[in-house]
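**Q** Encoded as structure tokens, here's the structure I'll be asking about.
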Amino acid sequence: MSYTASPCPELVEPCAVHAEGMAQEESHRSQAPPTFYHGASQELDLSTKVYKRESGSPYSVLADTKMSKPHLHETEEQPYFREPRAVSDVHTVKEDRENSDDTEEEEEVSYKREQIIVEVNLNNQTLNVSKGEKGVSSQSKETPVLKTSSEEDEEETEEEATDNSSDYGENGRQKKKEKQVERVRVTQRRTRRAASAAAATTSPAPRTTRGRRKSAELPKRKKRATKEAKAPVQKAKCEEKETLTCEKCPRVFNTRWYLEKHMNVTHRRMQICDKCGKKFVLESELSLHQQTDCEKNIQCVSCNKSFKKLWSLHEHIKIVHGYAEKKFACEICEKKFYTMAHVRKHMVAHTKDMPFTCETCGKSFKRSMSLKVHSLQHSGEKPFRCENCDERFQYKYQLRSHMSIHIGHKQFMCQWCGKDFNMKQYFDEHMKTHTGEKPFICEICGKSFTSRPNMKRHRRTHTGEKPYPCDVCGQRFRFSNMLKAHKEKCFRVTSPVNVPPAVQIPLASAPAAPAPAVANTPTSPAPAVSMSPVGAVLPSRPVPHPFSHLHIHTHPHHAHHLPIPPVPHLPPPPALFKSEPLNHRSQSEDTFLRHLAEKNSAAPAQHH
């Protein structure tokens, strides 16, 4: 001990100084919130009760000069002297202040609920205080922090020091009252904490909510145990189910019902090919597959067109030979098609690009297939062959129309006129003649037609195109029927003259002699045979045909119409054989012509 007992007046000044410093430090450490401030003068006068002295005689006090230091350890013990009555007065003040701090008590209760779990009955009595997951009370883990008697004595000495300092001024007295109120509140908090900790240690372990949850979870563990007990039984059943395997395939089933269903659908109803192992639902599909020998392409019965897949054959029969409707239309020209793929191919026709050009004639096409078809005109190739008669055709549609000869009938027949057709395209064009529909209109003159080929044929009258040339003379024509008529005239031979049976026309060879000029003499046309001798030398000088301006009438009633002018628009017919020209006449030919001239000159004299 650094200080000994001394008279009280000698220690008043240092104690007052230290008490004020301590009060300032304590005000910084713990300041009460403004809502819990109460005036000390209104409730009671602490100066008359806490430090009441009956006699004016001085008493001995041990003061610590280190109290003004900020932090004191709780383990330090401070010796002090006090009056026994002063301690009882302090406790009475504490009991009186308990009723005025209800709001502070509510704050402490909420603070405790956040930290620990407290069970309270209806009378606000604490039943249990626990903390942690296993229901162990928090006091068992952490020992309650109780104030020792030395710490309480230290606080009382501080209060006494502040009481002595209040004698020197009213400001010090006011500060003293505020500090005393704060001290009382701190002690109340500590006592409540100590009481709750003691109750937790002494009370028996009650049944908490967590304990109830644990007891409720026990049956679940039993259920898990039962499940674990059933697990080997289920595994044994699964092993039994896995034994249900299909005899024809490696599939495995859990139940017999699934196995029977699999057998009925897959193996009993499905038709399997013996050669390649392919499966078919219908027997007809299997028979059709076997007809192709599992390798050949599937062929159409009507047109013998081959396909690699069955659905392609169905589409072909539906579109070409059957009942399909053109449901897909072009957005630009409104032309209808059977499938959308045909519409896409048709859309190329509306583009201006023509990248495929013929090397022979220079004509351009939009599709490669159109160029291939066009090239057949130059090459003369006939790639399409009939398997029944080995006849070959240049285009596929020609082969299709030819197949009606072997089938014995044509598939499409008109109900109005009875005309039949090989292809549905021609049948549709023919039906428009009965309905009067003419959807194809000429862009130049506005004339309408039943079919597109007819419209293209009509358009040649405006463009002047002549795509049909004659192989003999090279003349070109606008239509194919005009070329056909021209060929008949080109290869036509005039009919022979009716010669009397007594007259013999010698065909033997004779030395060529210059014949007299026969002009303006009506003669009959010569027979269509070669008059020149064999081995005769052909003249190098071409002479015009002598019969180009003659027309002989053998009938007696028309003898007065002898001189008839030649037809101007018809060219002279060419020679049929590679022989000498007809103006190279022999001697027998000259005598025959002279004889005919004399006979014709005598006939008009008899008529008149």
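From the backbone N, Cα and C atoms, a Cβ is placed for every residue, glycine too.
Taken from Swiss-Prot, the feature phosphoserine covers S57, S100, S196, S203. Look at Swiss-Prot and you will find 61-232 tagged as region 'Disordered'. Swiss-Prot lists 71-97 with the feature compositional bias 'Basic and acidic residues'. According to Swiss-Prot, the compositional bias 'Acidic residues' annotation covers 98-108, 151-162. What Swiss-Prot lists as phosphothreonine is T103. Summarising the annotation, Swiss-Prot assigns compositional bias 'Low complexity' to 194-208. According to Swiss-Prot, the feature zinc finger maps to 244-267, 271-293, 298-321, 328-350, 356-378, 384-406, 412-434, 440-462, 468-491. The region 'Mediates interaction with CBFA2T3' feature in Swiss-Prot is assigned to 497-608; the stated evidence is similarity to another entry.
Tell me what's around each of these sites.
**A** Under the DSSP three-state reduction, S196 (phosphoserine) is assigned to helix.
The DSSP breakdown of the zinc finger (244-267), given as helix, strand and coil counts, is 12 helix, 4 strand, 8 coil.
If one looks beyond the zinc finger (298-321) by at least 6 residues along the same chain, the residues whose Cβ comes under 8 Å of a Cβ in the stretch are 285, 288-289, 292, 338-339, 387, 399-400, 403, 407, 411, 423-424.
Listed by sequence, the residues of this chain that lie at least six past the ends of the zinc finger (328-350) yet keep a Cβ under 8 A from its Cβ atoms are 315, 318-319, 366-367.
Outside the zinc finger (356-378) by six or more residues, the chain places 345, 348-349, 394-395 with a CB less than 8 A from a CB of the stretch.
In the zinc finger (384-406), helix, strand and coil residues by DSSP number 11 helix, 4 strand, 8 coil.
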**Q** Let me spell it out: take the zinc finger (384-406), skip the flanking residues so only those 6+ beyond its ends count, and list any with a Cβ under 8 Å from a Cβ in it.
**A** 302-304, 373, 376, 422-423
**Q** Would you mind checking how many other C-beta atoms are within 10 angstroms of the C-beta on S196 (phosphoserine)?
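**A** For S196 (phosphoserine), the count of other Cβ atoms within 10 Å is 19.
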